[in-house]
Every structure is written in structure tokens, then in C-alpha cells.
Amino acid sequence: MVKKVAVIGAGVSGLISLKGCVDEGLEPTCFERTEDIGGLWRFKENVEDGRASIYHSVITNTSKEMSCFSDFPMPEDFPNFLHNSKLLEYFRIFAKKFDLLKYIQFQTTVISVKKRPDFASSGQWDVYVQSNGKEQRAVFDAVMVCSGHHIQPHLPLKSFPGIERFQGQYFHSRQYKHPVGYEGKRILVVGIGNSAADIASELSKRAAQVFVSTRHGSWVLSRISEDGYPWDMVFHTRFSSMLRNVLPRTVVKWMMERQMNRWFNHENYGLVPQNKYLMKEPVLNDDLPSRLLYGAIKVKTRVKELTETAVVFEDGTVEEDVDVIVFATGYTFSFPFLEDSLVKVEDNKVSLYKAMFPPHLEKPTLACIGLIQPLGSIFPTVELQARWATRVFKGVCRLPSETTMMADIAERNEKRIDLFGKSQSQILQTNYIDYLDELALEIGAKPDFISLLFKDPKLAVKLYFGPCNSYQYRLVGPGQWEGARNAILTQKQRILKPLKTRTLQTSASAPVSFLIKVLGLLAIVLAFFFKLHGF
């Protein structure tokens, strides 16, 4: 019987895995190589090998109501999008509330994780760690790998002919911390992900000129959406997810293109994606379009070659006197403490069942938590992963046969490539609500909307037409939280609380759309019923 669980890493995934273990009556021990919690979200001035690194100005791309853990809302006075220091504060409050620090061994590095000789029957692991220069071994019944995938920089220098003769400075974006020191420079940022857009926008306020080189372009989205609400609270609803799943793909793409171009015309700004029919994650940036409009940033095509001081682009244009190149080219992931056969990556495909479990193990006692990139917040995602993993360890939830898991992995990879493409940056991409529901279904935590419609129509409407946040997965099933319903119904006031810092006299108005939403939900139920019974 599984009792002792090793948790590798005390970042977001590690903290929620600790809580998942405690909730299920397991005995976790977390090994953290640094001196503190927070992982990626704990800013440090220096870059450390083996540790994720962020720049000082990083702000979350997902809002607080969509990012909090399911039974622990963020304080209502917290801003809707958090600076990294504020998010770290939330993690500290969370860890203190659930008394998680006592399970963590800091400044302890995991050297290797190996199957025990009797693994086929016991499912146990030998975990070798190093602390204070001494190596130790401990036996664990299960292992949760929570070390993240933003550690190993992807720096494809061979794809940039002439880089060896370039006389300027170049580095991966993980080395970037502040814009200070780049005054008057001509800077090229390679890439168009979130980090690339952030760094380019920030540098453009000090540099003489910033260029952004992109192979494929990208949609750019503001954090502010309809009526000033956070983008993800408008985009990630069950109703909109249902439409994206049932409407013809061409219609969905047309709707998405119209939505993305509402802020500004991407073609006019040189940003329109090369393949508009892939569901690539949009860049979240509130400054980039205005910096382009000011001329502080210029979008360029792919780099063809470099000279001592210039950059030649594929369209034949040349930019002279380039001082700095920042490669915002993403990350590869590796787990040097694991055997290569445990987490296989071949042809940009990850062989993990539901992005978590190696399918070939005789006993399902190892799970990767956080090795996923949802089109939404990572925090509720890793929480559900941890909740499912701990129940699998206990034997309450069971995995299917290896054959079934391999077939699911193959099908999932095919769908991912069809939706998101084959590029290295999309290897971990997945749809958000669909994946959350998959995991919730495994543990019995997915709400029954048909039943709720008759028992609690007000809540049912909120669940279906409102934002799909983590509270929904505490309404029923194991780990049910009595505060979940109230958290769902009061989320609007927590959104508005940090914004309403100036007292105004406003007239109260009833939610006139409530009846329309109820009727719409009834229509959906009836349509489903008639389809099910062949009417």
C-alpha cells in the first residue's frame, strides 16, 4: 500500500502536490534544491543552473480568480493580474494555511530516482538526494515529479548562420532581468511568445530601437476584455468551449480571427499568424501594439544570417549596427534524475498518459505534475493532476491497461498536432476546459449540470455561462468544499474590489440577462435530450 510519497520540487506543482498527499492521508516528503518555495515565480537577481528564471517585471497572464487553488481563493484586495512577488505572497499564505513547509527539505537536490529491485510487486523507488555535500538514499512508495519545464533553455544557434562572427552580445531570455543598461542600444528579440513580447516592450522604452523576428507571427491579446473584465474570465466559459467543440472548425477559426482582430488588425501590424487555422496560444501583452504604433518596435521576418554587426532577414532586408540579440526561443525539458525510458519524447511527442503517467510501468507509482501547457491557467490544472495522482497511488482510482493508455497517447498527440501544430513550442499544449473535465471525471469531481439546473438553477447558469474556474471542481466528489458555491457566486465582487478604489454613487440594476441565460441552458438540455433519444 502506498504511504510515503517523494515530491520533487517546491514550486506551484510541488506545493499543491503536498496538499494533495495530505488530503489523501499520504506521507509526503518534498525535496527542494533551493532555500525557499515558489519555483519559477520566486524572482532572483542571479541566474542559477537547474532553476527556472524570470525577469523582474513578470506579471501573470491569467487572472486571480482563474488562477487560485480550488478551496483557497486569493484575497479580494489582490489585483486581478499579479506581479510575481504578489503571486509568491499567495503561495506563502497557502503554504502557511495548510502547514506545508514542515514537509519540505530545502537545499536538497535529487540526484537520481530508480526502481527498487522488487518494483514489479512493490512499486517502490530508491530516491538518492544530496544535501550539505552528503548523499543519502530513501525508499518511497510513489514519486511526484514537480520540477517544471522552464529550466533547460532551447537555444538553436545552429539555425542562425554567422552567429559565431557576430560581435555584439547575445543570450537566452532566461538571462534577462532588467532593462537597465540597454539605453541607446539596437536590440533584436528572436521569438514572439509571451516572454519575447514582454522583453521587447520593456526594452523599447530605453533602447534606441528594438526589432522582433518571428517565423510564424502570433495573435496578440490584451488582458482586458469585454466590459473591462479579465480576458480569461470571458474566454474560458463552458458555453464558449461547447461552441468551439460543436461548430465546424472553419467557423470556429473565423470567429477566433474576428475576436483577435477586434483590438487591432494583426495584418497591418505584421503579426498575423502564418497559419491562422492552428489554435496556437495567443501572446498576452497590453503594450506591444502601442510600441509598434510608436515605431519603438519593428516586426521582422526570420533571420537568414548574421554578420559582425548586422542581421540579414529572409525578406532581404538588413538591419545594421545591432548591439544585442535576445533569444526568446523557449525551453526544452529534461529530468536528469530519471531513467531515459520513464519520460519519452520522440518526434515532439510526449509518451505520458494524460500528460502524467508513464504507461509502461508495472505499478502506477510515478506521476509528472505540471508537464503541460494548457490554453489557460496552469494552477488549477496541476491541482487536478495532483488530486488524481494521489488517488491513483492509493488505489482508489485505477489506470487502464498499457495498450489502452498507449492508444490514448497516440490519439491525443494526433489531435494536438492537428490543433496546435508540430513546432517544439507546442509539444505540451492542450485545450483547457476539456482537459480539466477529463481529470475531474477521473476523480468524480465534475459537476452534473443537468441535475444542477433543476436543483440550483442560479448556480447552473453561473457554471455554464460564467468563467470556468477551479471552484467548480470542489462542488461534488472527494475533497468537496462547502465554500465552493459561495466562491462561484461572489467572484465578481473579488474582481471589482481592487478596482473600485474611488467611491461612486451608482444605481443598482438587476441582472436582466439571467432569464435569457436560463432559457438558453434549457434549450441546450432539450437539444441534447432529443438528440440522445433520436427525435
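Backbone N, Cα and C atoms are what each Cβ position is placed from, and that goes for glycine too.
Residues annotated as FAD binding site in Swiss-Prot, with similarity to another entry given as evidence: GLY9, ALA10, GLY11, VAL12, SER13, GLU32, LEU40, TRP41, ASN61, THR62. In this structure, LEU40 (FAD binding site) is part of a helix by DSSP. For LEU40 (FAD binding site), applying a Cβ distance below 8 Å and a minimum sequence separation of six or more within one chain yields GLY11, VAL12, ALA52, ILE54, GLY148, HIS150.
In the three-state DSSP scheme, ALA196 (NADP(+) binding site) is classed as helix. Long-range C-beta contacts of ALA196 (NADP(+) binding site), restricted to its own chain and to partners at least six residues apart, with a cutoff below 8 Å, comprise SER173, VAL189, VAL190, VAL212, VAL283, VAL326, ALA328. Per Swiss-Prot, NADP(+) binding site is recorded for THR60, ASN61, SER195, ALA196, ALA197, ASP198.
The Cβ of LYS492 (SUMO cross-link) lies under 8 Å from the Cβ of no residue that sits 6+ residues away along the same chain. The secondary structure of LYS492 (SUMO cross-link), as reduced to three states from DSSP, is helical. The SUMO cross-link feature in Swiss-Prot is assigned to LYS492.
Look at Swiss-Prot and you will find 510-530 tagged as transmembrane segment.
Looking at ALA197 (NADP(+) binding site) and ASN61 (FAD binding site), their Cα atoms lie 12 Å from each other.
A separation of roughly 21 Å, to the nearest angstrom, links the Cα atoms of GLY9 (FAD binding site) and THR60 (NADP(+) binding site). Our reading of the FAD binding annotation (GLY9, ALA10, GLY11, VAL12, SER13, GLU32, LEU40, TRP41, ASN61, THR62) yields a largest Cα to Cα distance of 26 angstrom. In sequence order, TYR55, SER57, VAL58, ASN285 are the residues of the chain that are 6 or more apart from ASP198 (NADP(+) binding site) and have a CB within less than 8 Å of its CB.
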